[in-house]
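The structure appears below as structure tokens.
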Amino acid sequence: MAPWSGLWGGKLAAGESPVLRSRFYAFIRAFVVLSVLLLIVELGAYINGWDDLAASALALPVIGVESLYASWLRFRATYVAPFIQFLTDACVVLFLIQSADRLIQCLGCFYIHLKRIKPNPKSPALPDAEDPDAAYYPMVLVQIPMCNEKEVYQQSIAAVCNLDWPRSNFLVQVLDDSDDPTTQTLIREEVLKWQQNGARIVYRHRVLRDGYKAGNLKSAMSCSYVKDYEFVAIFDADFQPNPDFLKRTVPHFKDNDELGLVQARWSFVNKDENLLTRLQNINLCFHFEVEQQVNGIFLNFFGFNGTAGVWRIKALDDSGGWMERTTVEDMDIAVRAHLRGWKFIFLNDVECQCELPESYEAYRKQQHRWHSGPMQLFRLCLPDIIKCKIVFWKKANLIFLFFLLRKLILPFYSFTLFCIILPMTMFVPEAELPDWVVCYIPALMSLLNILPSPKSFPFIIPYLLFENTMSVTKFNAMISGLFQLGNAYEWVVTKKSGRSSEGDLISLAPKELKHQKTESAPNLDAIAKEQSAPRKDVKKKHNRIYKKELALSLLLLTAAARSLLSKQGIHFYFLLFQGISFLLVGLDLIGEQIE
């Protein structure tokens, strides 16, 4: 799924259902109050030496306040502990299944590297694009959907216009859904400048901006001239393909009529900007290096990432085209194309630069959409998957692995096991959660996640803690999408910084000069003028307060104090550091602050 950064039509989405948010927070708050009360009781028992009653409370009669505590111990052991132990065992089973899935994927990736397996086009490398008749240069439509992306539109348009492909054989569509008149004017002027420099590029703006990104792409595909093109490459507004992108992706389609999609991996211009971007980089490196590559090699199927990919237009049409029914139109079209028998290729060695969200607020909203959308899609696609005439193992892979295990079970057990059940077992010690579940296997899984980005090894502990912290957002999103709560169907702006715009345009200038024989790269003067102009109305950055994260921080720190009384070392340290992680996130002390 792509980190889509636009907002189409309607009001700005808060990213989650207000009803679900309030109920979820009320549940966490009640749990915190209960845990504090239990901690007070346990502290009193510890001070008075009643902790020895735990072994004899079921047999020996006691009197006074001590008898009340003994009654609580009997009730806890008889009624509470079995229920919590059942929940614990169920979550541990899910945890082991998911860990086994992750391990198998890592072994598949290791096998790919060991055997040096990679997709190779059946045709040889393409010669210089100046001679389009010398080789395979099919007609390619290049689309840049965007919406109010003032910070990044110049670099994406410049990068796409400098693609090394015969000018007569590709057309750029700038699909601008901006509702800001100033942004519309800037983008329209940028397109005009490239047109004047010889680029085949058109500007499209919709009056009725329905359907979000899917509606934008669907509208663009309805143009009469699209019938003249065989393939369509899609780049979100913050993506900057290298000049040889089409030369390294399109040849895979030649003599391979079953191939519907070629997907490239992402690289990030701001991965070292702050701790938040470093942790995101770990996650996404694993996603591309392991998940996408393994599924592409062994299954010829994976979720389309929404950008930096080339589709065969026939495959899009055969699969029903772009649909606006969910907020994950990229995954939607990929699943439908897979059900129609189309194959996918993932190119791990072809990279396309983009940006990572630098603030926690932007990242949280992005993750909410990424985890609510698949649940919407699962509800809609399940009947089609069951009725589809594909082989059984492909149906099983889609239902049990692609959707249930990786999109539903993972966020469910992560939140439930480490944020709910683990604290509960501290106050109900008769229900046990083994050390290897709390520490050893999560550490191993984090180590596997970090292998595709070995330079990130020093961040392994922050990564583990932050992933557990994000589980509250992912769990909330999953429930929202599964039960169609609130604004699960709304888009959320992902703020972009446009950090590399001027440098990238300058680096593209020689390429543009070489092909078009012009005097200067478009809009460099405008950039310089904008930078020299005095800035007005500079907005102050501030920290947001996230109540759910702060409440969970208090819960985990309370449980840590209780585990200290029980002398449970590993549990204490895990709860302590996890509680601190929730505290830092709740105070918005990770990543850039928002304006």
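Every residue, even glycine, has its Cβ placed from backbone N, Cα and C.
Because the structure is a prediction, the values reported are computed rather than measured.
Annotation comment: Swiss-Prot describes D177, D330 as active site. Annotated substrate binding site per Swiss-Prot: D236, D238, in sequence order. The transmembrane segment feature in Swiss-Prot is assigned to 30-50, 77-97, 408-428, 433-453, 545-564, 570-590.
Here the Cα atom of D330 (active site) is found 18 Å from that of D177 (active site). No contact links the transmembrane segment (433-453) to the transmembrane segment (30-50), because fewer than 3 Cβ pairs that are 6 or more residues apart lie under 8 A.
Outside the transmembrane segment (545-564) by six or more residues, the chain places 21, 24-25, 28-29, 31-32, 35-36, 38-39, 42, 364, 419, 422-423, 426-427, 469, 472, 476, 571-572, 575-576, 578-583, 585-588 with a CB less than 8 A from a CB of the stretch. When Cβ-Cβ distances below 8 Å are used as the criterion, the transmembrane segment (408-428) is approached by residues 31, 35, 38-39, 42, 76, 80-81, 84, 87-88, 91-92, 94-95, 97-98, 371, 375, 378, 437-438, 467-468, 471-472, 474-475, 477-478, 482, 552, 555-556, 558-560, 562-563, 566, 568, 571, 574-575, 578 of the same chain, each at least six residues removed from its ends. In the shown protein chains, 29 other C-beta atoms lie within 10 A of the C-beta of D238 (substrate binding site). Around D330 (active site), a 10 Å sphere centred on its CB holds 25 further CB atoms from the protein chains shown. Through the fold, the transmembrane segment (30-50) approaches residues 66, 69-70, 72, 420, 423, 427, 551, 554-555, 558-559, 561-562, 565 of its own chain, all at least 6 residues removed from its boundaries and within a Cβ separation under 8 Å. Taking every protein chain shown into account, D177, D236 are the recorded positions, and of these the Cβ with the most other Cβ atoms within 10 Å belongs to D236.
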